[in-house]
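S.K.: According to TrEMBL:
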- Asn87, His92, Glu97: oxalate binding site (BINDING)
- His90, His92, Glu97: Mn(2+) binding site (BINDING)
- 55-167: domain 'Cupin type-1' (DOMAIN)
- 1-22: signal peptide (SIGNAL)
Amino acid sequence: MKFAHFLVALVVLALASSIATAGDPSPLQDFCVAINDPKAAGLNTPRYTGNKVGSNVTLLNVDQIAGLNTLGISLARIDYAPNGGLNPPHTHPRGTEILVVVEGTLYVGFVTSNPDNRFINKVLYPGDVFVQNPGTITIANAVFGSDPPISLDVLAKAFMLDSKIVSYLQKQFGGNNK
Ligand SMILES: *[C@@H]1O[C@H](CO)[C@@H](O)[C@H](O)[C@H]1NC(C)=O
């Protein structure tokens, strides 16, 4: 796939449920203390993307914007290197993601929850929005056993593995990339 432009995507995370798990910070706090020294959020300059995966995530949460305290929402800017910059497969344990493409084209996807592990993917253009709200996901099955399979190139780069090993793992989990 060819990416002609510099790619920028914005991701909004909203808290999906009120179920708390041990170890997670509480999404809501009893007291909201106003502060007078907000940190510069800086959404306006391109980020360095010459790292191994070719992407750079800039977080904008309550640590940068104090006014988000108790609101259960945060934002991230993601810069992708042209021609194959990647944000590795991940989940957000405390949020539902809404992704908006600001510049360029972006190949996105997610794997549905157990038992299907169906891979839903699409190329997005500026202004396109993508929403994900998964249930329970077993990581290995979702990553290596999705149907259809996630591309060898994406998984090899994300996990820093030889594509032969990715192919082997996909076979173990019932995927079938050649
Ligand atoms: C992200 O971009 C900033 C600003 O260009 C840079 O300082 C930082 O090292 C980059 N992070 C990664 C992981 O490349």
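Just so it is clear, glycine is given a Cβ too, placed from its N, Cα and C backbone atoms.
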S.K.: Given the Mn(2+) site residues His90, His92, Glu97, which other residues of that chain have a Cβ within 8 Å of the mean position of their Cβ atoms, reported in sequence order?
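M.R.: Near the Mn(2+) site, beyond His90, His92, Glu97, sit Val11, Leu13, Thr91, Gly95, Gln132.
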S.K.: In the same chain, which residues outside the set Asn87, His92, Glu97 have their CB within 8 A of the centroid of the CB atoms that define the oxalate site?
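M.R.: Near the oxalate site, beyond Asn87, His92, Glu97, sit Val11, Leu13, Ala76, His90, Thr91, Gly95, Leu99, Gln132.
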S.K.: When the number of other CB atoms within 10 A of each residue's CB is tallied over all shown chains, which of the binding-site residues His90, His92 has the maximum?
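M.R.: Result for the most crowded candidate: His92.
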S.K.: According to DSSP, how is the domain 'Cupin type-1' (55-167) divided among helix, strand and coil residues?
M.R.: 22 helix, 40 strand, 51 coil
S.K.: Over all shown protein chains, what is the count of other CB atoms within 10 A of the CB belonging to Glu97 (oxalate binding site)?
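M.R.: If we count other Cβ atoms within 10 Å of Glu97 (oxalate binding site), we arrive at 19.
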